[in-house]
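Q: Below you will find the structure I want to go over with you.
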Amino acid sequence: MLEQKLADRDRVPVRSAAAEDLRSAYTTHGLNSYQVCRYSRQLLVPAFGIAGQEKLLSSSILVIGCGGLGSSAALYLAAAGVGVLGLVDRDTVELNNLHRQIIHSEEAIGTSKVRSAATSCRRINSSLSILEFPNGFSADNALEIVRKFDVVVDATDNLPSRYLISDACVVARKPLVSGAALGLDGQLTVYNHKNGPCYRCLFPVPPPQSACQRCSDSGVLGVVPGIIGSLEALEAIKLASGTGEPLSSRMLIFDASLGRFQNIKLRAKNPSCVACGDNPEITEANFHNMNYEAFTGVAMTDEVIRKQVVSLSNSLSCLELRKRIEEKVPHVLLDVRDEHQYAISALPQSTNIPLSQLQKNSQELRDIILDDEKMPVFVICRRGNSSQEAVELLRNSGVNALDVTGGLEAWSREVDSKFPLY
């Protein structure tokens, strides 16, 4: 029996009158016996049923981002029986992805996230049709990609991508499921559905860069994006199948620390919105010219852009630092990361005073660490940007401070590859 159902799974319904008569003797719908068995637990849900499953099987859903959010979203969409699943991501799988990006395995490290995600989805549902887009999502290809699908899921984690995806969905007239997760918090909503707002309606002006956090900087408990991604899949299924009431004009907020969900009402669609308003300024004609990184002041990738603020004469390389340590040259090695990051890994004999504390009281710092004001202070951080801020602050206070170029990530590359990176 099972073998027969497996054989039937990809068959196009036969057209002969006899076969149609035989099928109609048992069913009045278009699902074959394999599909009835496979999706039976969904078919038993009265609010979804045969009609919902048939709509889902004939639908196409695009997941942009195959990371923490996209992992659970894509897996559940594949399992639920979406007709065509689109996957977009230009990154490769890294070891530090695996605690939350459950669609990838250790064997996939170093390979394309899209390829890895597609493989996992096909293992769950071999009859699934998948369109892979491993070159990422940009203003150049956004409309071409989005127009292939009925519903779009934003599973990215950066500000310029959110504006780009929302604008593309508005121009292409597609509903957008948008989720976010950071630390112990998550949120979910549906944009551009019926008369609901788009992302720009709520955020016409990008927030300052200091307010734009990513999990690569601020961290995330692995299960949190899994929960939000699963809810994104749910909203996409609801939209594709016409089931229930989508989260349009509402936002679901999740607080993992308290185990609490809140459902809040959002502002209405803005008639003056430059994307979806009565007289939109963002149109198909000018969409390709949009520069979302310039608009938001934030990069689309997790690649750290090192800003050279401190002069080279006030810097030293990690190799030079190692030499000073080995030669026992008197110095103070100051680590300006937050305390919880310092607890993860740190160089021996370093002193931890967070940058935020220095900014509050640099005179107190001088009293604490300097017995001899001529002793150099070598300042280090994770990637070499915060340390430069600290060096400027200290030097303005009369401290002989030098920046360790590239921070601890450079130490791992140049001095000791065994240093635990995070």
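Note: Cβ is positioned from N, Cα and C throughout, glycine not excepted.
TrEMBL: automatically predicted annotations, no manual curation.
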Q: Given that TrEMBL assigns Gly68, Asn96, Asn97, Leu98, His99, Arg100, Lys113, Asp157, Asn158 to the ATP site, pick the one from Asp89, Asp167 that the record assigns to that site as well.
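A: So, going by the record in TrEMBL, that would be Asp89.
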Q: Return the count of C-beta atoms lying within 10 angstroms of the C-beta of Gly68 (ATP binding site), excluding that atom itself.
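A: A count of 27.
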Q: Please report the Cα separation of Cys276 (Zn(2+) binding site) and Asn96 (ATP binding site) in Å, rounded to an integer.
A: 38
Q: Translate the DSSP assignment of Cys198 (Zn(2+) binding site) into the three-state scheme.
A: coil
Q: The record names Gly68, Asp89, Asn96, Asn97, Leu98, His99, Arg100, Lys113, Asp157, Asn158 as the residues that bind ATP; what is their largest Cα to Cα distance in Å?
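A: Looking at Gly68, Asp89, Asn96, Asn97, Leu98, His99, Arg100, Lys113, Asp157, Asn158 as a set, their Cα atoms extend up to 19 Å apart.
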Q: Can you grab the distance from Asp157 (ATP binding site) over to Cys198 (Zn(2+) binding site)? Cα atoms, rounded to a whole Å.
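A: Asp157 (ATP binding site) to Cys198 (Zn(2+) binding site), Cα-Cα distance: 17 Å.
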Q: Tell me which residues of the chain lie with their Cβ under 8 angstroms from that of Cys273 (Zn(2+) binding site), as long as they are six or more apart in sequence?
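A: In sequence order, the residues whose Cβ lies under 8 Å from that of Cys273 (Zn(2+) binding site) (at least 6 apart) are Pro197, Cys198, Arg200, Cys201, Pro204, Pro280.
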Q: Under a criterion of Cβ-Cβ distance under 8 Å and sequence separation of at least 6, what residues of the same chain contact Cys381 (active site, cysteine persulfide intermediate)?
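A: Residues satisfying the criterion: Asp335, Val336, Arg337, Leu355, Ser387, Ala390, Gly407, Leu408.
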